[in-house]
Amino acid sequence: MASPIDRPTFRTRILLNHLLLNPDQTLPPLAPSPCLNYSPPELSNSFRFDAREMRKLSDGHHVADRDWLFGLMTQSKLFCPRERGAGRVFVGPDYNQSMEQQREMTLRRIEYLLGRGVFEGWLTGKGPEAELRKLAFLEVLGIFDHSLAIKLGVHFFLWGGAIQFFGTKHHHEKWLRDSENYVVKGCFAMTELGHGSNVRGIETVTIYDSSTGEFVINTPCESAQKYWIGGAANHATHTIVFSQLNIDGTNHGVHAFIAQIRDANGNVCPNVRIADCGHKIGLNGVDNGRIWFDNVRIPRENLLNSVANVSPDGQYLSAIKNPDQRFAAFMAPLTSGRVTIACSAIYTSKIGLAIAIRYSLSRRAFSVTPNGPEVLLLDYPSHQRRLLPLLAKTYAMSFAANYLKTIYVTRTPESNKTIHVVSSAFKATLTWHNMRTLQECREACGGQGMKTENHVGHLKGEFDVQSTFEGDNNVLMQQVSKALLAEYIASQKRNRPFKGLGLEHMNKSCPVIPSQLTNSTLRSIQFQTDIFCLRERDLLSRFAAEVSAHEAQGQSKEYAFILSYQLAEDLGKAFSERSIFQTFIEAEAALSSGSLKDILGLVRTMYALISLEEDASFLRYGYLSPDNAAAVRKEVAKLCSELRPHALALVSSFGIPDAFLSPIAYNWIEANSWFSVQK
């Protein structure tokens, strides 16, 4: 090293060497590296089962009708077709539009679909087949745009459904055909500023004026304004108003009425005030509004009177004398909203997973050997662990959604309780799953997941509302636990076996879980069934005991339930996951032996084991020992590697056309090229 005296000279020489290199001493230029090339995952991922048959199983019904509607949307510029890359066309809403423009486009798309017969039979058709076709179409429309599906859902399922179920023959004849043809545009005014989930507490008041034969609807205070009413801000002409019915000073509880809020020219009717709810984090193609009624008069015939009626002279008439039972009769038909939301959530999870998994099968990052090729994202075990369990859950919940639709379209008065409980459980579980899936898929796509055109990130904002509308998820799960508790108490008091809600397993002896779980045990249907049933029956017994203990200490039944909320949450989850698992078993059992059944066995085992791993109650209450919990975790990792070769085939089996996914699901290099920018 140079001495301190020579240091300035030394540093000067170093700098000169950098600035005045001898040309003979320069290094050769770096050789250019080849650019990354997109390689379609189909080239290296074979399908080992029939994807078309898997799609039929997953969709459950009306596959050809779904494809017809997909095609219908790709044919019109209203659905914003855009080319990304060399000839690949994608469709999707233009979220660069203002809120007002998005709303107008939603209406124009509805008019386009109406003119091509999409809504034929949606309100006038009868029978399970007509209802399933309607549900299939709504699912397809939701894959394109949540706003489109929600605006249609409000009009057909809520407004139209209320007339179908709460109304009688003269209501059907007067309103259903015009509603199906979109001459009458309906909305559904239940939620208020001060009351959402607690419908019995709504404050809108309706009285009967026997001198004129009219009902008079009034918003008595600001908290009684109708809020978040889809369609009210711009387009709806009529609404179903849920209101307390007060006759001669006696409150008969919540009833449903038809009220006109706009004339044929779109002018707001006298004594009705409407305001816009404004911009939202999603669903800006839906014109949510607020409504005030200032002593609005409607004909007596506008009471939807299938449950209760008022005579011309003001006598209240109902075959159901018990107010609680009467309220339950009013609420029973409203399960359609929970059914459609649960099914929509699963199709949105499919979109996210199809995009994220396809991207991970062509995007590479880092090398594991010196100068070696970069590794595909989905070849990293950690990436498999992020996406493949969610894929298995989505398949399981597809079967659950199909079961829910089946019991809904074949409903009878006797099955209303089952539909209420199952739809509440599935709506909460499937929408929570959807939000978690979209978040994981967004992160798995890295920066590309932030682009609106790639859908995944934007869908989080669009579908966040599913956790709270048509019933807050936490409240719904409490209703599930309360219903299970009622079944338990009735069985104990009457000394009768359990029947319904899938609780028949409670009539058998308690399952015994082996002290040491082997690979083959973990993958067996018997073990998986036993562990789900053990958790549910034990939590139900614990929940009943805890509520009873609080009551013994002087608490009311209602408050005892509130104090036991932790066990209620655990029980609701146990019921939902066991019910979902049961629908998977039934779907799998319907297949003959072969590759399709084999892959479903892997997917089912992944669903079962990831459910065990993720729920702390299995350890908390001792259903699994720490060693067995570790064995479950280890098996999940093995299943990820076994499902990896089938990942592309499984997401392809969703049957979502390329145009309804996004550029990063395909040639993301070409879609982002300078050539693509200039086009």
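Each Cβ is built from the backbone N, Cα and C atoms, and glycine gets one as well.
Bear in mind that TrEMBL entries carry predicted annotations, made automatically and left uncurated.
Residues annotated as active site, proton acceptor in TrEMBL: E470. Summarising the annotation, TrEMBL assigns FAD binding site to T191, G230. As annotated by TrEMBL, domain 'Acyl-CoA oxidase/dehydrogenase middle' applies to 187-296. The domain 'Acyl-CoA oxidase C-alpha1' annotation in TrEMBL covers 334-485. According to TrEMBL, the domain 'Acyl-CoA oxidase C-terminal' annotation covers 528-661.
Cβ neighbour count for E470 (active site, proton acceptor): 26 (other Cβ atoms within 10 Å of its Cβ, all protein chains included).
Residue density at T191 (FAD binding site): 21 other Cβ atoms are found within 10 A of its Cβ, drawing on all protein chains shown.
Less than 8 angstroms from the CB of G230 (FAD binding site) sit I150, K151, V154, C187, F188, V286, D287, N288, each of them six or more residues away in the same chain.
Mean pLDDT of the predicted structure over the domain 'Acyl-CoA oxidase/dehydrogenase middle' (187-296): 96. Across the range of the domain 'Acyl-CoA oxidase/dehydrogenase middle' (187-296), the DSSP-based residue counts are 6 helix, 54 strand, 50 coil.
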